[in-house]
Amino acid sequence: MNVTKMKEEWFGNVKGDILAGIVVALALIPEAIAFSIIAQVDPMVGLYASFCIAVVIAFVGGRPGMISAATGAMALLMVTLVADHGLQYLLAATILTGVLQILFGVFRLASVMKFVPRSVMIGFVNALAILIFTAQLPHFEGEGWIMYALVALTLAIIYLFPMVTKAVPSTLVAIIVVTAIAVYAGFDIRAVGDLGNLSSDLPVFLIPDIPLNFETLAIIFPYSLSLALVGLLESLLTANIVDDMTDTESDKNKESRGQGIANIVAGFFGGMAGCAMIGQSVINVKSGGRGRLSALVAGGFLMILIFVLGSVVVKIPMAALAGVMIMVSISTFDWSSVKNLHKIPRTDAAVMVTTVVTVVVTHNLSIGVLAGVLLSAIFFAAKISKVKVTQIVAVNGKKKIYKVDGQIFFASVSDLVSQFTFNEDVEEVEIDLTNAHLWDDSAIGALDKIEMKFEQNNVTVKYKGLNRDSKSLKDKIGGLSKASGH
Amino acid sequence: MYKKILLAADGSDHSIRAASHAINLAKLNDGQIDVVYAVDGKTSKEDVLHGIDKYEVKKERETKLKPIVDLLEEKHIAYTTKFLHGEPGPAIVEYANNDNYDCVVVGSRGLNKVQTMILGSVSHKIAKRVFCPVLIVK
């Protein structure tokens, strides 16, 4: 690799990167714990994942300045896997996710992203926000007013503390204040320690304890595929946002491979699958982070904090974490899409809403994205399948010219054929395809059909203005479906 | 006198009004205007999410500045446009102070009272920290 470029990516912005990395590490802790709780695993699983992914991505990622760690989108996908089969299968699925993502990167599939329309992406982030929010609701069950008061206090600090200073992340201040109040007042409310264990150990290399057979693969593969796709979708979206914020370019295929390597490492060190985080990356860039060093510092500092603060972290009340997650869901949600819902095209709105509803019903982001992509493909096909045929009578009514405008393919052929009148008293018909494009064998079949019907009435058919692609397609398969073999 | 003018704009009505004053100033002195538009993190996120690709995003931002560019074209003023990235206040201040501008022209805020109290106004930040004279257009 180019040494100057490498030096620039690592040491081009040392001071900014170190400071921003520390800020990100502080902001990562509550999220990593809360996402572990969503996935119903010990907080250590999310913290180890965040440490491993952030550090590995610093070296192998394609977008310097972007922060990757344990995320809500990924945590939401693994809930049923953990519930049905346990942590070891999650770790195996994480490793397989990484392998799939590396394949994505190697085969340069980052460009497949362009097939995900923006209304699906907006639906994706909105659905993610809703799921993160609803995942907090169980924490309120059976709790008294203290829970509500502490959540409200957490949110108040998060939104108002930036008025005092922006140097310290307000989420961290909120967590510290609320934890202090809860511990000091001795409130009887659930804390992180009640939901899982936390140890101050460094992560160690372990091979997941699972039977290596086809049955295992059949269990984890669907999860890994969903995780790989959702992880890449969010990572590449985040990369685009960081590209825009910093006005620089990034290597999306390298990022895909990097995400894969990071997840493999996370899986072997007891962490859950993760991906790039929009919120944290924005915090990083805003705090002055630009280079690879920022992600390395974020991961490293996170581990130091866990090492030092492990015994305090278990005392964090769930109220504080629920408050932070509510903030995360509010900032993840794309509010402008709701504000402008009546302005955007109906089909776009329908795709967005379908994506959201599918995700909320199935609890699976990847199914929602798939449904959204399929629906928008159908809408698109419907939109471009409108064919316009204009009829012009020439040569004293002996000749008729049909001018065809539009895309001729499987979805538009029935519309096309119905616009011709076959039982007219003319000698010759000219089909002008100057403003048309033939796309598939349905198109050729339709033309053959039209030709045949005219010939049954003893009318000769001529073509005009076929473009080159259409002509080669017609030459290749034309006449096959026609009985006369003209 | 005011030959090199920096116009901070976001396409809002305030900034269009500011543009017409910047043009008057430039005409008096036969000066040129550099139009800058600062894109902050939140806007970046929204624009990228709603745009198809970066060319589309750029095009949409240019559309926002179009009324101002049209005005400059119409009055035959030499101009450039530039998109800055970061918090609007500090980004514009840094850009203005890094180059020798004779004057910075900015519209007064488009926020309501509460937002101004919490966020502070961009024009206020610019007036406070830019070295050259600043014209805030009400």
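Each position is counted from 1, following the chain as shown.
Backbone N, Cα and C define each Cβ position, glycine as well.
According to TrEMBL, the protein has these features:
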| type | residues | note |
| --- | --- | --- |
| TRANSMEM | A:44-61 | transmembrane segment |
| TRANSMEM | A:89-107 | transmembrane segment |
| TRANSMEM | A:119-139 | transmembrane segment |
| TRANSMEM | A:145-161 | transmembrane segment |
| TRANSMEM | A:168-187 | transmembrane segment |
| TRANSMEM | A:217-239 | transmembrane segment |
| TRANSMEM | A:260-283 | transmembrane segment |
| TRANSMEM | A:295-314 | transmembrane segment |
| TRANSMEM | A:319-337 | transmembrane segment |
| TRANSMEM | A:349-382 | transmembrane segment |
| DOMAIN | A:401-486 | domain 'STAS' |
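In this chain, the transmembrane segment (A:168-187) touches the transmembrane segment (A:319-337); three or more CB pairs sit within less than 8 A of each other, excluding pairs fewer than 6 residues apart. Per-residue pLDDT, averaged along the domain 'STAS' (A:401-486), amounts to 81 for this model.
Counting Cβ pairs closer than 8 Å and at least 6 residues apart in sequence, the transmembrane segment (A:119-139) and the transmembrane segment (A:44-61) reach fewer than three and form no contact. Residue counts for the domain 'STAS' (A:401-486) under DSSP, split into helix (H, G, I), strand (E, B) and coil, are 32 helix, 24 strand, 30 coil. Segment contact holds for the transmembrane segment (A:44-61) and the transmembrane segment (A:260-283), given three or more CB pairs below 8 angstroms at sequence separation of 6 or more. The stretches the transmembrane segment (A:217-239) and the transmembrane segment (A:260-283) meet in space: the count of Cβ pairs below 8 angstroms, excluding pairs fewer than 6 apart in sequence, reaches at least three. Below 8 angstroms of C-beta separation, residues 20, 23-24, 27-28, 31, 35-36, 39, 41, 44-53, 56-57, 60-61, 63, 65-71, 73-75, 78, 90-95, 97-105, 125, 169, 203-208, 227-228, 230-232, 234-235, 237-239, 241-242, 245, 298, 328, 331-332 of the same chain, each at least six residues beyond the ends of the transmembrane segment (A:260-283), sit close to that stretch.
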